[in-house]
Amino acid sequence: MVLYDLISRNIKVKRRTFAILGCISGLANALVLALINNVAENISDIHKENNILYYLVLFSLTIAIYGFTQQRLMTKAARMVEKAIDGLRVELFECVRHTELSTLEKIGKEKIFNTLSKELQTISQSAQLFVIIGQSISLVFFTSLYIAYHSVTAFVVLTALILLGGSIHRLRADEIQKNMQLSFESENKLIQRLSDLLEGFKEVKLSVPRAQELEHEFAMDSARAKRSKTTTQTLFATDFVLSQITFFAATGAMVFVVPVFSNVYTDVVIKVTTASLFLIGPITSIVGGIPIFTAATEAGQNVLALEKELKREQAQYSRENDEQAQISSFNEIRLAGAYYQHNRTPGDRPFFVGPVDFELKRGQITFITGGNGSGKTTFIRMLTGLYELQAGQLILDGQPLNERSLTAYRSLFTAVFADFHLFKQLYGIHNTSQQEIDEWLTFLEMNTKVAVVDGEFSTIDLSSGQRKRLALLSTILENRPVYIFDEWAADQDPIFRRKFYEQVLPRLKARGNTVIAITHDDAYFHLADVHLKMVEGQIMAHQEVETDGVLS
Ligand SMILES: Nc1ncnc2c1ncn2[C@@H]1O[C@H](COP(=O)(O)OP(=O)(O)OP(=O)(O)O)[C@@H](O)[C@H]1O
């Protein structure tokens, strides 16, 4: 039971409480039937003996017990499922945070969005249903007992037909599951197309062919989702009708079949027929609830699958211990024979960086140049521990790093990547004063546009160059030993570009920070202590490449 496993993982499911409440509720419901049948059968005697009030009180009491237990059951189930989902949501978020960048790239953002939002919501929506199905099963059980008490033959016929109705659904469970998986995949694609439209809105607006093709692909995926959902719903609808027919057959059997096989009196036939009719509500609830239950089970499976994928390559060590450790200084970082190869996409030539030997000394300013696609970003990700090396070693002050020390090692770095994300809130930046923030805002010429209030930028609705300045400010406030800038100055005006190279970088150096900048601004190459060049996944001294013009 995927759903039960998911729910009971973080919270203790009070099975006994649910079972007791479910039984009382089902029993009370069945008692309503028994009472009505009994009063109807003996109505003239009851009136004669003035017992009607007694039965009325009994009837009201039974309904009150049913109402109370049913309400408790539903509230408890909702609370339990929401608590479990709260835990799962946070756990999955944590899992995403701890997973490796390469794993995240492999899984894709859409699947994570879809699972964390829609799939968890599907499970949440099914909370009340679990109770209704459970209570209906209990009602069917007690009503069947009531029928068995009056006629064993009626009970056997009814049980056989209920089992037959139940097995209809089981027969097509695989087909239903396959279609649900298809619609999950189509929905992932739909999210991807939608984010293409929203994130690339400007580009889409500028190009009608692009817009048309995107719309066409979206429509195709939407049609695929529609097909698989319609097939699923059709299967469910047929199941529903078949089970209703089975149910009517069961009721019909009470009057047409049972009297043939047993010597029952008319009043017994009426009672078992009424009881059988009484089952229509719970049986409809059970059959009608199957699609939602199946969807929730499928959603649970997708949640588990995502979690497994996220954890697959996650280091098996205690996160807490690992995250407590921060490295605040170093003398030398070395990459020895470091190698990383990207996953090959069909039709693509595999790209790898390495084997690379590289040394970074504290306080140096290193510039890295290189053509497009030469591997600069990949190299930076290897150096910062964002990509786990597939061969070779990262050595910090003579100590080779292992998985345990990787998170602490990463804390040496802060970066403004080429595809940086500007956080509106200054997450994790607390060791700074308003005065320091304001000074830097003025220095970066952003003080007239933005303020930092309660640890948040007042706005990030700015030009891309200005947003980059704020990203730079965030890194400066973080004050980490090593600064990485990937083409930081590319979209700054010439005056500020000069300021970046001639004032910001020296200021960081004076503070004791080490800087690695990917840059093509040759006017400032003389400011670097070390100048390297990346060529086809190999790193070498810039001078060496420029004079030899060949790769070793
Ligand atoms: N996540 C990835 N999966 C597969 N291949 C990738 C991935 N990231 C980069 N690559 C490939 O690796 C090669 C090097 O990319 P990389 O971004 O490291 O180069 P770069 O020198 O930084 O390029 P640019 O200057 O254009 O940003 C490219 O051919 C690119 O297609």
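Including glycine, each Cβ sits where the backbone N, Cα and C put it.
Caution: TrEMBL annotation is automatic and unverified by curators.
What you are looking at is a predicted structure, and each value in this text was computed from that prediction instead of being measured.
For the transmembrane segment (18-40), the list of distant contacts is 46, 55, 58-59, 62-63, 65-66, 69-70, 72-73, 76-77, 131, 134-139, 141-143, 145-146, 270-271, 274-275, 278: same-chain residues at least six beyond its ends, Cβ to Cβ under 8 Å. Annotation comment: TrEMBL describes 18-40 (among others) as transmembrane segment.
Look at TrEMBL and you will find 19-295 tagged as domain 'ABC transmembrane type-1'.
Positions annotated as transmembrane segment by TrEMBL: 52-69 (among others).
Through the fold, the transmembrane segment (154-171) approaches residues 140, 144, 147-148, 239, 242-243, 246-247, 249-250, 253-254, 257-258, 262, 264, 272, 276, 283, 287, 290 of its own chain, all at least 6 residues removed from its boundaries and within a Cβ separation under 8 Å. Taken from TrEMBL, the feature transmembrane segment covers 154-171 (among others).
Positions annotated as transmembrane segment by TrEMBL: 234-262 (among others).
Note on the transmembrane segment (268-293): residues 33, 36-37, 41, 125-126, 129-130, 132-133, 135-137, 139-140, 143, 146-147, 150-151, 154, 158, 162, 165, 169, 232-233, 236, 239-240, 243-244, 247, 250-251, 254-255, 258-259 of its chain, located 6 or more positions outside it, place their CB under 8 angstroms from a CB of the stretch. The transmembrane segment annotation in TrEMBL covers 268-293 (among others).
The annotation coiled coil is assigned in TrEMBL to 296-323.
Sequence annotations record features per position, and here TrEMBL assigns domain 'ABC transporter' to 333-551.
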